[in-house]
Amino acid sequence: MTVTTPFVNGTSYCTVTAYSVQSYKAAIDFYTKFLSLENRSSPDENSTLLSNDSISLKILLRPDEKINKNVEAHLKELNSITKTQDWRSHATQSLVFNTSDILAVKDTLNAMNAPLQGYPTELFPMQLYTLDPLGNVVGVTSTKNAVSTKPTPPPAPEASAESGLSSKVHSYTDLAYRMKTTDTYPSLPKPLNRPQKAIAVMTSGGDAPGMNSNVRAIVRSAIFKGCRAFVVMEGYEGLVRGGPEYIKEFHWEDVRGWSAEGGTNIGTARCMEFKKREGRLLGAQHLIEAGVDALIVCGGDGSLTGADLFRSEWPSLIEELLKTNRISNEQYERMKHLNICGTVGSIDNDMSTTDATIGAYSALDRICKAIDYVEATANSHSRAFVVEVMGRNCGWLALLAGIATSADYIFIPEKPATSSEWQDQMCDIVSKHRSRGKRTTIVVVAEGAIAADLTPISPSDVHKVLVDRLGLDTRITTLGHVQRGGTAVAYDRILATLQGLEAVNAVLESTPDTPSPLIAVNENKIVRKPLMESVKLTKAVAEAIQAKDFKRAMSLRDTEFIEHLNNFMAINSADHNEPKLPKDKRLKIAIVNVGAPAGGINSAVYSMATYCMSQGHRPYAIYNGWSGLARHESVRSLNWKDMLGWQSRGGSEIGTNRVTPEEADLGMIAYYFQKYEFDGLIIVGGFEAFESLHQLERARESYPAFRIPMVLIPATLSNNVPGTEYSLGSDTALNALMEYCDVVKQSASSTRGRAFVVDCQGGNSGYLATYASLAVGAQVSYVPEEGISLEQLSEDIEYLAQSFEKAEGRGRFGKLILKSTNASKALSATKLAEVITAEADGRFDAKPAYPGHVQQGGLPSPIDRTRATRMAIKAVGFIKDNQAAIAEARAAEENFNADDKTISDTAAVVGVKGSHVVYNSIRQLYDYETEVSMRMPKVIHWQATRLIADHLVGRKRVD
C-alpha cells in the first residue's frame, strides 16, 4: 500500500493504547502488515514505535483488565454489525489515512482476512474502513478533499497466467469484479495462458422453471472464464448415448433469450441404464471422448446422488476403459479426475441445507394464482374446493400456499393427525368460518399428506368428509403439471443465475480431494454445501416420516418452515377460539399505510389483525393515512369478516397517501392516539413511512401519546428503506416489470433490428432496474447510482450494434435497455431512444416503453404475501415485548428521557437481513445510515449484482 499523505488532517504522528499483552502484540502485527511500517524502537516491553517515511505510530501497553474487557466487548459488537451498520456511528476512536492506490489497500485487508466496509460501495470505494485489535476504526481514503463525492473506480488488473482460481480473489472466477475486457461483443477477458477446461451442464429428473436460466449462466460464465462450455442433452440418457448429438459444445449466442423460457431446453429424462455400472461406464467414455473434465448437474436429490456416485467411481471407470482399450493412455492421463457440482432444480423445495430450490417459488406462484381463480367461482356458488398440490414428502408448497391464499385448512406430511382428529379439526374450523359468513372453503392437500398411522389422505377422502359431515357442495381441483409449467418467476431466474455462476466457480476450484459441492442459498447468500450430506439429510426426512417420528421430521426442516406453520395456525384461528393472552395482557394496536401502494400491504394488515385477534389484542386500522386520521378521525376496529380476501389483494384496502404526520397535524394525531388509548403502532409503507416513524419518535418529548412501541414494516417497490434488504412489494413489482419486459422483448424480436428502452420506477434506487436486468437478460441498464455518461452510452450503442450483427439469422432477436427514471434528468426514455437511434446510423433502432404504474403489480406475489405475514406477526411481537420498556417512561412525564437508548429502541424498523428478521432503531438508521436528501440507505447491498448482469450479456463497462 502506498501512503502518500500520512493522515487526512495532515498530522504525521499518532499514539494508540493496548490494555493487554495479547492485544498489544496483535496491534504491532496488524499495523506492520496493514501500513507497511517498520519497527524502529529499541526493545521495550511497554511501547513500540512503528514508522515509514510518512507515518509514525506509537503503540503503548497499559495493562488494565477492566478496560480490556470493555474494548473486547466493543470490538465484538463492531464485528457483529459489519454487514448491517456503519462502524463510524459506533466508533469511539478512529484514524484515517490517505492512499494513492485504494485497490492495494483492499487487497491487503483481504489477504489479512480483516473485516472491511467500503463507501459509497465496496466495489468502487472512495473510503475503506477496518478494525484494529484495539477496537479503533481505521480508515483509508483515495480522495483529495473531504467533500469529494464522485467515486473513482480502481484500475483493473491485467489478466495473467498467475490469476488465481479462487472466488475469494478477483479473477475469472469472480464475475462481480470489474476487469479489463475486449472491445468487441461479447466483451470477455483476454484468454489466460493455460489449458482450457471443458465444463458440461445437464438437467436431470423432473423439470423445474428456472433451469434454463441456470444453464445460460453456466454456459456464459464458463466462456467468460476462458473455458469451453458443453451441454448434455436429455439428462443421464444423453450421457449414456453420447456423441455430438447428445454432448454438444455451446457458444455465447446459443443460450440467448433462455431466461424467459420455461422447462429445460436441453431436455431431461429418467435413465434406468445409468443406475447400472455399464451405463456409467458408457457415460464416462462419452465424456472423455468429448474432452469434458467437469460436470454440473441441475436436478433433485436422486439426480445429485447419481452424480456423486459417478464421481466416486470415476477412477475405477477410467481404469476399466483403459484396460478394455476404449480410451487411450493420453486420454487416461488427461482425464484422471472428474469434478462434479450440483444445483438443486426441484419445485418441491425439499432439499435440506438450502433455503430455496430452483423452481419452487415459480410452482408456488402457479398454485396461488390457481387458488385465487378457483376462489372466485367458489364464492359465486358458495362451494368448497379441495386443491391437491405437489411436493412428495415435503409440505412446503401446501403450507405457503395456505398462508398466501388464507386457506381454511391444509394437509402436510410433516404434521399428521389421526384419521378421526383431522376430520374433527377440519370440520370444526370450516364450520366456524361458515357460521361467521364466509362463502368459500379452500382446503389444500399436499400429495404426500398422511394420517398419523401413515395412511394416505387423498383429496377424495377430504371431499367425502366435507360433503357427508358438513353438507358442502364440494369440488376437487388437481393442479398436476400446471405447477411445473410456464416461465420462471423473477426470484427463480435470479437464484438460478447466481447459483450457475457459483457452480462454475466450484468446479474450477475443486481438487481431487474436495467433496462434491452442492450450491445452496442460505440467508440470501449463495454458498457451497457438501452434496452427499445434503442428500442424506433430505432422505432422512422421508425416513423419519416412515418411522412415524414426526417430531424429527419437523426438526429436519428449517426454522422458517416451523415459523410459517405456527403463523398459519394463528392467523387461521383469528377470534374463533378463546384468546391466548389474559385480559390484562391484551393491547390496542393500530396499523396505518403510508406512501405509494405496494404488493403485500393488504396481506400485512390481514395477518396483523387476525394474529392480534388470536392473541386477544384489539386491532385498529387508520384509514387514508395520517391525513385521514387528522381530518376525519378515520379509525375503525377491524373485524374478521370484513377482511376476507385481503390476503391476496393488491393495492391498499385501508387507503394510503404520502402525507407525513408533520404535514397532516402532529397535535391532532396525538389527540386521537390518546383518545383511542393505542398501546402500539404498526406503519406499513416506504420512505414516507420511514420519515413518519422518525417524526413520531422525535415528537415523544412533546406528546406522551407517542410513548408507545412503534414499528415500521417496509413496503415499497423501490426497496429503498434503510434497515432492510427487502421491502414488501419489491418482488411483486419485479415480477410485473419482468413480465412486461418479456412481452416487449417478444415484440422487439418480431421486428428485426429493434431495441426497447424500458423506463423503470424506483426513484433514486436502481434495485428494480438491476434485478430486472438480471432476470430478463437486458443488454444494458442505467441506474441513478451510476448515471449515464456519454462515453458509456457511446460504448453501449456500438456494443448493441455488434450484438445485432452476431444474432443475425437467429431467433430471440430483441434487445432491451432498462433505464431507471432518475438515472438521468436530461435523458428520458424517449430522448434516450432517439439518441440511440440517431447514433446507430441505421444499423438498428430504439423505441421507448413506459410500464408506468403497471410496475406496482396486480395480485401480490406469494413471496410478498408470506413475508408480509411473517413481518406483521413479528411486528405485533415487538410491540408486546417492548411494553414494559416504555411503560414507566409513559407514566413518569417529568423525567422522560427521549435520548435513553432503551426508550429510542422502542421505535424500530423491522427488516430482513439474509433470512433473519431484525429490528433496527429508527434513530440509529435515520441519523447514521440514511442519505435523507436522496431517500436512500448509505449502503447499497445490490451493487455487485450489476456487474454480474453486465458480464452475462457481454457488455463492456467504461471506467
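Backbone N, Cα and C atoms are what each Cβ position is placed from, and that goes for glycine too.
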Considering the residues Ser20, Ser56, Ser803, Ser915, which is the one that Swiss-Prot annotates as phosphoserine? Ser803
Position flagged as phosphoserine [Swiss-Prot], chosen from Ser171, Ser204, Ser573, Ser634: Ser171
Site from Thr152, Thr660 that Swiss-Prot describes as phosphothreonine, others unannotated there: Thr152
Determine which of Glu313, Glu447, Glu523 appears in Swiss-Prot for the same beta-D-fructose 6-phosphate 2 site as Ser346, Ile347, Asp348, Met390, Gly391, Arg392, His481, Val482, Gln483, Arg484. Glu447
Need one residue: from Arg586, Arg923, Arg935, the one Swiss-Prot lists with Arg658, Thr716, Leu717, Ser718, Asn719, Asn720, Gln761, Gly762, Gly763, His853, Val854, Gln855, Gln856 for beta-D-fructose 2,6-bisphosphate 2. Arg935
Need one residue: from Gly206, Gly210, Gly395, the one Swiss-Prot lists with Arg270, Cys271, Gly300, Asp301, Gly302, Ser303 for ATP. Gly206
Write out the long-range same-chain contacts of Arg658 (beta-D-fructose 2,6-bisphosphate 2 binding site), meaning residues 6 or more apart in sequence whose Cβ is under 8 Å from its Cβ. Val594, Gly595, Ala596, Gly625, Glu688
Residue among recorded positions Ser346, Gly391, Ser803, Lys847 with Cα closest to the Cα of Gln761 (beta-D-fructose 2,6-bisphosphate 2 binding site): Lys847
Can you tell me the CA-to-CA distance separating Val482 (beta-D-fructose 6-phosphate 2 binding site) and Arg383 (beta-D-fructose 6-phosphate 1 binding site), as a whole number of Å? 23
Please find, for Arg658, Thr716, Leu717, Ser718, Asn719, Asn720, Gln761, Gly762, Gly763, His853, Val854, Gln855, Gln856, Arg935 as listed binding beta-D-fructose 2,6-bisphosphate 2, the greatest distance between any two Cα atoms, in Å. 22
When pLDDT is averaged across the region 'C-terminal regulatory PFK domain 2' (588-959), the result is 93
Candidates Asp301, Gly763, Gln856 (binding-site residues) with Cα within 10 Å of Ser346 (beta-D-fructose 6-phosphate 2 binding site): Asp301
Between Leu717 (beta-D-fructose 2,6-bisphosphate 2 binding site) and Ser803 (phosphoserine), the C-alpha gap once rounded to whole angstrom: 31
Between any two of Ser346, Ile347, Asp348, Met390, Gly391, Arg392, Glu447, His481, Val482, Gln483, Arg484, the residues recorded as binding beta-D-fructose 6-phosphate 2, what is the biggest Cα to Cα distance in Å? 16
Rounding to whole Å, the Cα atoms of Arg754 (beta-D-fructose 2,6-bisphosphate 1 binding site) and Gln856 (beta-D-fructose 2,6-bisphosphate 2 binding site) are apart by 27
Please report the DSSP secondary structure of Val854 (beta-D-fructose 2,6-bisphosphate 2 binding site), reduced to three states. helix
How would DSSP class Val482 (beta-D-fructose 6-phosphate 2 binding site) in three states? helix
